[in-house]
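K.L.:
The feature compositional bias 'Polar residues' is assigned by TrEMBL to 1230-1239. Among the features that TrEMBL reports, disulfide bond is placed at Cys278-Cys339, Cys401-Cys465, Cys414-Cys475, Cys506-Cys570, Cys519-Cys580, Cys727-Cys788, Cys758-Cys768, Cys953-Cys1017, Cys997-Cys1007, Cys1072-Cys1136, Cys1085-Cys1146, Cys1116-Cys1126 (among others). Annotation comment: TrEMBL describes 28-131, 134-234, 239-340, 376-476, 481-581, 586-686, 689-789, 794-892, 928-1028, 1047-1147 as domain 'SRCR'. For 1-23, the entry in TrEMBL reads signal peptide.
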Amino acid sequence: MALGRRLSLRGLCVLLLGTVVGGQVLELRLKDGAHRCEGRVEVKHQGEWGTVDDGSWSWKDASVACRQLGCGVAVGIPQEAYFGPGVGPIWLSYTSCEGVESTVSDCRHSNIKDYRNDSYIHDWDAGVVCSGFVRLAGGDGPCSGRVEVYSGEAWIPVSDGNFTLPTAQVICAELGCGKAVSVQGHELFRESDGQVWAEEFRCEGEEPELRVCPRVPYPGGTCHHSGAAQLVCSAYSEVRLMTNGSSQCEGQVEMNISGRWRALCASHWTLANANVVCRQLGCGVAISTPGGPHLAEGGDQISTARFHCSGAESFLWSCPVTVLGGPDYFHGNTASVICSGNQTQVLPQCNDSVSEPADSAASVVSTPYCSDSRQLRLVDGGGPCAGRVEILDQGSWGTICDDGWDLDDARVVCRQLGCGEALNATGSAHFGAGSGPIWLDDLNCTGKESHVWRCPSRGWGRHDCRHKQDAGVICSEFLALRMVSEDQQCAGWLEVFYNGTWGSVCRSTMEDITVSVICRQLGCGDSGTLNSSLGLREGSRPRWVDGIRCRKTDTSLWQCPSDPWNYTSCSPKEEAYISCEGSRQLRLVDGGGPCAGRVEILDQGSWGTICDYSWDLDDARVVCRQLGCGKALEATRSSSFGAGSGPIWLNNLKCTGKESHVWRCSSWGWGKHYCDHSEDAGVICSGFVHLARGDGPCSGRVEVYSGEAWIPVSDGNFTLPTAQVICAELGCGKAVSVQGQVPFRESNARYWAEEFRCEGEEPELRVCPRVPCPGGTCHHSGAVQVVCSVYTDVRLVTNSSSQCEGQVEMNISGRWRALCASHWGLANANVVCRQLGCGVAISTPNGAEGSDQLWKARFHCSGTESFLWKCPVTVLGVPDCSHGNTASVICSGNQTQVLPQCDHFVSEPAGSAASEESAPYCSEFLALRMVSEDQQCAGWLEVFYNGTWGSVCRSPMDDVTVSIICSQLGCGDSGSVNTSVGLREGSRPRWVDLIQCRKTDTSLWQCPSGPWKYSSCSPKEEAYISCAGSRPKSCPTAAPCTDREKLQLRGGDSECSGRVEVWHSGSWGTVCDDSWSLAEAEVVCQQLGCGQALEAVPAATFGPGNGSIWLDGVRCGGRESSLWDCAAEPWGQSDCKHEEDAGVRCSGDFSDLLADLSALSSYEDALAEAVYEELDYRLTQKEGLGSPDQRTDVPAENYDDAEEVPVPGTPPAFQGSEEEVPPEKDDGVRSSQTGSCLNFSREAADPGEGEESLWLLQGKKGDTGYDDAELSALGTSPVTFS
């Protein structure tokens, strides 16, 4: 709402109310605002009006003033005589309201006297902006939406029962929004209580305000209605045709704009627009649109508004409109229309097979519509002048194929829509794939046709395309807006994207209401200021537009009148710099990065802090959102980031968590506190960017935080420098892999609508240059995925001339370190040689003199990797490396080299050279668990090493280490070490101590530590950890129970379909369908033994459940063996209702699978029995939320192929003997006794063409959406389906 300042004196009407103060009648009014509900606060005492000092004026005081005046709720408290200094006395020096009083007189306040005698001046007169009694909510701006009135406590919707057009006209006029053009009902009440205003308004249409209209109470306070009333007001309300002739259906087009009749200009006027005018006036269809002087000379008042109708609208005000930058129009060049009138009119048929001569009359705008009433539009481009091209024919909207699509074709589309020149002809469904028919293919326009369907083509409806080839256009009338600043998000140089180029905006005549429209459009609040004290801006650019004069009815800058577009609209010193929400700035300091630290606000040239009194996570959420730093993780107190200095600007904040700026939250008032800097507030935010769904915080899909949710970034034009900035910002080293084409699993496939153009040296992603995707739609083939690593660069250091031999050194976190020869093998060496382009490894001599900087990480390469960073690495338990015992490699160079083959049939002597550094490495088997009688994510930490479970020592275990442990066990992202538990009973190995994990480590195995040792610490130092996901064990049957027993389907037509319910904290509850997709359904079906997921069913299709909604935002990869292994919001934290309960339909259960197995051979039957036993064992031995003492973690290698895990106590696979199956038995079922493993061929188990495969536990044959199923358990033979 415009604040108006005192230069806007149209709101001179004021409201007077009498109250009693000290026996005297005190009146209150708001003066010099834009309307009666905003202005300078004045009270009347002893017959004279005086002001109130703003020294203590707060939101609570303003709320009471608005309530007293019947003006709704306070939305602004501008200070320092914002509405101009008053005259006469200053009656009150302070007020102190609680916010619940009926009048200001009920509040505590100073004595009433003239405080000018105490040196008070009018430069600090208090002001207030109230919302008013009525508003339109939930629409595109202040002039459309649901009708709501303020009760004094809350905004209450008005029902559509007996809601009349005269009442709507009063509302539109009161809001300064023109005339009512649409009144609709049947809008559902979204509030759970369905509260509705208990009166009918009976306005006659001439009342100045809604509150003075007659009202009729509903009998019993209950009104008859079908929903809330919805209203659209518009300044473009009436249209007429003016002519000197007798016909009312032809003439010059004139429109009533804000009460004045104005002619429309012929430029950009199209037959689609004309057809809407004829329909609106009841004059049939448009015959032609003759340009130039026609029938009547245009008046001096010619509107620059440009309408972009598709032709299907019923009213001209329904069409998109742009005014910004419209050129001046010469006298007489007015738009005219000849309509068919009420007589029957036969339009000429469209001839799709004949193209028009370039200079024919048909190519001009006077061409009539075709009788099939085809219409043209651009969709999913964020505006009428960019998007996917669609044509309406035979009642269906269809698309154009991009075969042969070029700028000549795009020119016809842009001209036909009145969108200027064509800038880009896009293909490959740049604006998303359409639906319905594909009407045209192989277009070959000259660029001068009047309609795109008149261009030569294959013929109507003939094509060989799919919707992934849909054509689109970007026209010169496509507009975008941004602020440019090095360190601000809502302040900077204002720039507009026009004619394909960013250019600045000039500040001449820019008033508060224009700045307000700009700030609101950029999501930077409802007000701002124009900064004219800055120096000249560096560089040169177009200065596109000047003279912008927005009106209250304008919902975006594009609708505001201005001077014409001009490359040089003003001098460089007149470029506009805007600060939204005043000049205040926000930052976090002394937290090690921009998204953590002490909260500080810049105001009046000084940085100050916030007192931590009542500081909580809701307050922190506002700070993190305002800074673009993602989600709030923690609200810290007691100067946890050190004590600040300077002012303490805010105290006793009470944010709801949804405010746009922290200073908009309720507080004691600006600069009012009783604190010192030992109580400074701080926050820890998640950051603007993170990598999600990877192996840890340093790999995964790139997502940025919008302020409400994490949004994936598309792979369109995503660059390696951008990836490097992200990895550096996250403290994750360097980018080593950038991949695209990762499918969006979310049903809405939402992604970030900007491209990041980092150069690689920026400190954070949010300060990188960005380019808006045209219309908010980026060209992409999926989400982008980044892998960062601290193990980035490798080199060979030698005294000889060869670059392909020497000591192996790796760049670890920016420092070159030599690698230890212990556990260094030919497989590792082969990867190094390949990475350096040096052929293959010849040998790995060790014992060379090395650097003092030795790194004891052990790499476990298979030998096939392209880079060393791709190999699994362990640091945990690795002993210190002796000086000089450094790893070395001699590579073959560029010559071809054949590596020696591994001999699996011959075991090597323990002390042989082949069994040490020169042999391929076989990794040791490690597993992790927590042991507790009654907890799932808390207990004694144990590691499985050398074939035995043993405890882990807690010294010097910090938060990062605990976080990695909890994350690895699926127990949340944080936890704590419990040092108060007593001595643990029994004895066991205490395998490892001195674990010091780093942020870049993705599992405990990668963390540096002391060496493996049977007694690494005393028994009293064994680690007991409680993770944030700690939950008591509970079971619907009897404890201990499996994950399968804590999951059920209800309300379906079989055991394998229905509403998903989970058991938690002693009761069954449901799962919300937010982000619910086939991947989550797949996990549920597999966990229940119900085969393959056929459908992920949302919206309580199987009926709403009851009780708790336990899970929300569940995000599975599809390969998890239990729903408990998937990511989700914390237990019981959901904003859903049971109408959003998730369900599944599965293909069937394992009993059906086993019945079908009876048809196999006896050998296969025995194999199937082994499968069944293994499945049953696996389902009862799950990790995640099941019993910790039952869980066994097998380290995943992230290979697509089935993985064989060696059993502790048995020879590794390559050391045993392998018995090959004779050819006559190799019918697809192969028994490999290597490592005591059974491998089942997926092909052999397939029952035949056209039948359902019995073996597809994770997808159908050929389905690449899931990795091969893996079933393995400690101490048994793993069963894999390959």
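Glycine is treated like the rest: Cβ placed from N, Cα and C.
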K.L.:
With CB pairs under 8 Å as the measure, which of the listed stretches 28-131, 134-234, 376-476, 794-892, 1047-1147 comes out on top against the domain 'SRCR' (586-686)?
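P.N.:
Out of the listed stretches, 28-131 contacts the domain 'SRCR' (586-686) most.
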K.L.:
Here are the disulfide-bonded residues: Cys1007, Cys1072, Cys1126. Which has the lowest count of other Cβ atoms within 10 Å?
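P.N.:
If we count Cβ atoms within 10 Å for the disulfide-bonded residues Cys1007, Cys1072, Cys1126, the smallest count is at Cys1126.
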K.L.:
For the disulfide-bonded residues Cys401, Cys788, Cys997, which Cβ has the most other Cβ atoms within 10 Å, all shown protein chains included?
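P.N.:
That would be Cys788, with the highest Cβ count within 10 Å.
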K.L.:
Tally of helix, strand and coil residues over the domain 'SRCR' (376-476) according to DSSP?
P.N.:
16 helix, 35 strand, 50 coil
K.L.:
Out of Cys278, Cys506, Cys953, Cys1116, which of these disulfide-bonded residues is nearest Cys768 (disulfide bond) by C-alpha distance?
P.N.:
Cys506
K.L.:
Of the disulfide-bonded residues Cys278, Cys414, Cys727, Cys758, which one sits closest to Cys580 (disulfide bond) when you measure Cα to Cα?
P.N.:
Cys758
K.L.:
Can the domain 'SRCR' (689-789) be said to touch the domain 'SRCR' (134-234) if we require at least 3 CB pairs below 8 Å and skip pairs under 6 apart in sequence?
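P.N.:
Contact between the domain 'SRCR' (689-789) and the domain 'SRCR' (134-234): absent.
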K.L.:
Let's check the environment of Cys1017 (disulfide bond): how many other CB atoms sit within 10 Å of its CB?
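P.N.:
There are 20 such Cβ atoms around Cys1017 (disulfide bond).
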K.L.:
Determine the Cβ neighbour count for Cys465 (disulfide bond): the number of other Cβ atoms within 10 Å of its Cβ.
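P.N.:
Within a 10 Å radius of the Cβ of Cys465 (disulfide bond) lie 17 other Cβ atoms.
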K.L.:
Does Cys506 (disulfide bond) have same-chain partners at least 6 apart in sequence with Cβ under 8 Å from its own Cβ, and which are they?
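P.N.:
Cys506 (disulfide bond) has long-range Cβ partners Arg543, Val545, Asp546, Gly547, Ile548, Ser569, Cys570, Glu574, Glu575, Ala576.
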K.L.:
I'd like to confirm something. Which of the disulfide-bonded residues, Cys997, Cys1007, Cys1017, Cys1085, Cys1126, has a Cα closest to the Cα of Cys414 (disulfide bond)?
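P.N.:
Out of the listed candidates, the nearest Cα belongs to Cys1126.
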K.L.:
Rounded to the nearest Å, what's the C-alpha distance separating Cys953 (disulfide bond) and Cys1085 (disulfide bond)? Just drop the number here, would you?
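P.N.:
Cα to Cα, Cys953 (disulfide bond) and Cys1085 (disulfide bond) are separated by 40 Å.
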K.L.:
Which one is it, among the disulfide-bonded residues Cys727, Cys997, Cys1116, that lies nearest to Cys758 (disulfide bond) by Cα separation?
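P.N.:
Nearest by Cα distance to Cys758 (disulfide bond): Cys727.
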K.L.:
In whole Å, note down how far the CA of Cys475 (disulfide bond) lies from the CA of Cys339 (disulfide bond).
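P.N.:
Computed Cα spacing between Cys339 (disulfide bond) and Cys475 (disulfide bond) is 29 Å.
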K.L.:
Which one of these disulfide-bonded residues, Cys475, Cys727, Cys758, has the sparsest Cβ neighbourhood, judged by other Cβ atoms within 10 angstroms?
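P.N.:
Ranked by other Cβ atoms within 10 Å, the disulfide-bonded residues Cys475, Cys727, Cys758 bottom out at Cys758.
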K.L.:
So of all those disulfide-bonded residues, Cys1007, Cys1072, Cys1085, Cys1126, Cys1146, which one's Cα sits nearest to Cys465 (disulfide bond)?
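P.N.:
Its closest listed neighbour, by Cα, is Cys1146.
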K.L.:
Nearest by CA distance to Cys1116 (disulfide bond): which of the disulfide-bonded residues is it, out of Cys278, Cys401, Cys1007, Cys1072, Cys1136?
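P.N.:
If we rank Cys278, Cys401, Cys1007, Cys1072, Cys1136 by Cα distance to Cys1116 (disulfide bond), first place goes to Cys1072.
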K.L.:
Of the disulfide-bonded residues Cys401, Cys727, Cys788, Cys1146, which sits closest to Cys1017 (disulfide bond) by Cα distance?
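P.N.:
Checking each of Cys401, Cys727, Cys788, Cys1146 against Cys1017 (disulfide bond), the shortest Cα distance is to Cys788.
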K.L.:
Within 10 Å of the Cβ of Cys580 (disulfide bond), how many other Cβ atoms can you find? Include all protein chains, please.
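P.N.:
Around the Cβ of Cys580 (disulfide bond), 27 other Cβ atoms lie within 10 Å.
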